[in-house]
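Below: the structure, in structure tokens.
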């Protein structure tokens, strides 16, 4: 008996939700957490307390019995972690080469262009003149982004005047993250395509989902995306599979996309299990968390078929209920699959989600949203 | 944040498989295990090392922060455990009153008779004359059982001569378990009906399954039981619901039954998640493990609908493969959901199972059996 050991950098809910999959597969999950109160600390099979930038903690994570692989649940991984893994003879997956494209939006856009994959118009901007020039040729309004460090709506702003970019441009000139500007795409909705790839090169994709955002944060996901044409679905899945292959991603990759009504354009990449894939826990033969473990261990990948005509995932963002576990008594819908992350409630913080599967899209959507509202606030949406 | 704590007596795979469900619900699972190598030790959120008969270990299991409830994964629970839980103000569920009927087959048969539920002919036997008399009126062949302590074919024997009962009768006369004899029912197959009940009295049942036994051990389970009439299905589910209610069971209850082709007869009861319910992990909206936690915590129960037309569970009994995790690489069927228990392989020991869901019963059965054979021996069935 030599169970595989997967080391994970990250104390959040994504590492937490790898634990059930690891338990079922008989895989040992060893997690680096920032504190014993981290979301992944209790469910992990083994824990190391420390930060990714702490060399001692990383050595402990890589200690004997050596993990078969090291992976991570967020993109803020110092290059030293990869170096330490290499020195220990432990593959770190996805690798630093791939990670760069999830960490840096300019690198990503350049690479997508080089691959002929569907980007919105964009430019690297260094001066207000660059911004003015882009605005002039794109209807006077565009999306300004920091190339690194943004998430959940942070590091993104709509600009109509070059002066609105001045603080970020100044910071970039002083060594801060570079700045890019993107055309404001006239999209009808946001989609996400989830893929997984193993080191052997096997690639699978799940049905394409619609991702509904509120205030820049994912609110609900509908799987599959309602009314998506077969052509668009194929296009989106091909884009995700191609990105995974061309960038050498290992594990789960989420490609967030804009749906223009006829085509898809790439918005962002995430190289890890992703909020847009939480529906797979209850709605697909293989969840993204099991698949991520399978992929980084180079095991045969599991089937990605949906288990029901429709699955809706509704996020629980921190609201008026502070004692989240008390919600378990209040949600009486027998179809509501509740997932709580064991995190302290703070306003707007992702603290859980609800999945509902069924046949009728509107009904399933309503039930998921209602259940999530009860978890959050104790009342209907 | 005050997550519910569920204390579980038992280090085996049933407690192990409660851990993923507990993690998703944000429930803390505190498990009493006989050793750190127990199947449930790593996945448990908190562990106490010790035996159920060790008062100190039970005190640790019940220590502050007090668990909300204490439950168990096997029926060999000393009465002292219930007394200790009561003294600590922690409900122990299912309770000792219900447990008796799972521990003692004579108590169970008497109670089923009293409730008018479908027993095969049976008798409590104390002498060879009692056995001879029963054999004479039941075709010269019957099933002898010890009332306590049997499982997986142990404590059961077919008898044709009263002398074949002599050793067990002698042991019973000296204070060993009492002996009962049952008519050899001309059944066409074995069924199992799974129910769950909460302290509030809510009762749910899952689709009735066919359980295929080899050498007295469950080999495969087909959900739902192929070709079962609506009448028989309703009858079996009603029997399970009635047993749960009348015996005051809290948690998951499995009623193993004989299918005579027209009716069902009760074979055995198990008051815990059961092998015949492992299919629910991948084939039902709510798994028996989540449901057990919901029930003992008196939470609303989850939906028991099947997610696919058919799910087949194939047990992995210890075979020629000693390094079980190596099987993860060898099973290439993307539909095979592999569950390994982290146990040392011994011949015939239950060390894992495989679930496959799909539309075609024969195909799904073949795929599940093939995958389990690969896990066990590395080759086809």
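Sequential numbering from 1, following the chain as shown.
Each residue, glycine too, has its Cβ placed from N, Cα and C.
TrEMBL labels come from automatic prediction, so no person has curated them.
According to TrEMBL, the ATP binding site annotation covers A:105, A:145, A:182, A:183, A:184, A:185, A:190, A:267, A:268. Other C-beta atoms found within 10 angstroms of the C-beta of residue A:184 (ATP binding site) number 16, with every protein chain shown included.
The annotation domain 'ATP-grasp' is assigned in TrEMBL to A:109-297.
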Which residues does residue A:105 (ATP binding site) neighbour through Cβ under 8 Å, counting only same-chain ones at least six apart? A:145, A:146, A:147, A:148, A:150, A:180, A:268
All chains considered, the count of other Cβ atoms within 10 Å of the Cβ of residue A:268 (ATP binding site) is 18
Name the residues of the same chain, 6+ apart in sequence, whose Cβ is under 8 Å from the Cβ of residue A:182 (ATP binding site)? A:109, A:120, A:121, A:122, A:142, A:143, A:145
On average, what pLDDT score does this prediction assign to the domain 'ATP-grasp' (A:109-297)? 95
Who sits close to residue A:190 (ATP binding site): which same-chain residues at least 6 apart have their Cβ under 8 Å from its Cβ? A:210, A:211, A:212, A:213, A:256, A:257, A:258, A:259, A:267
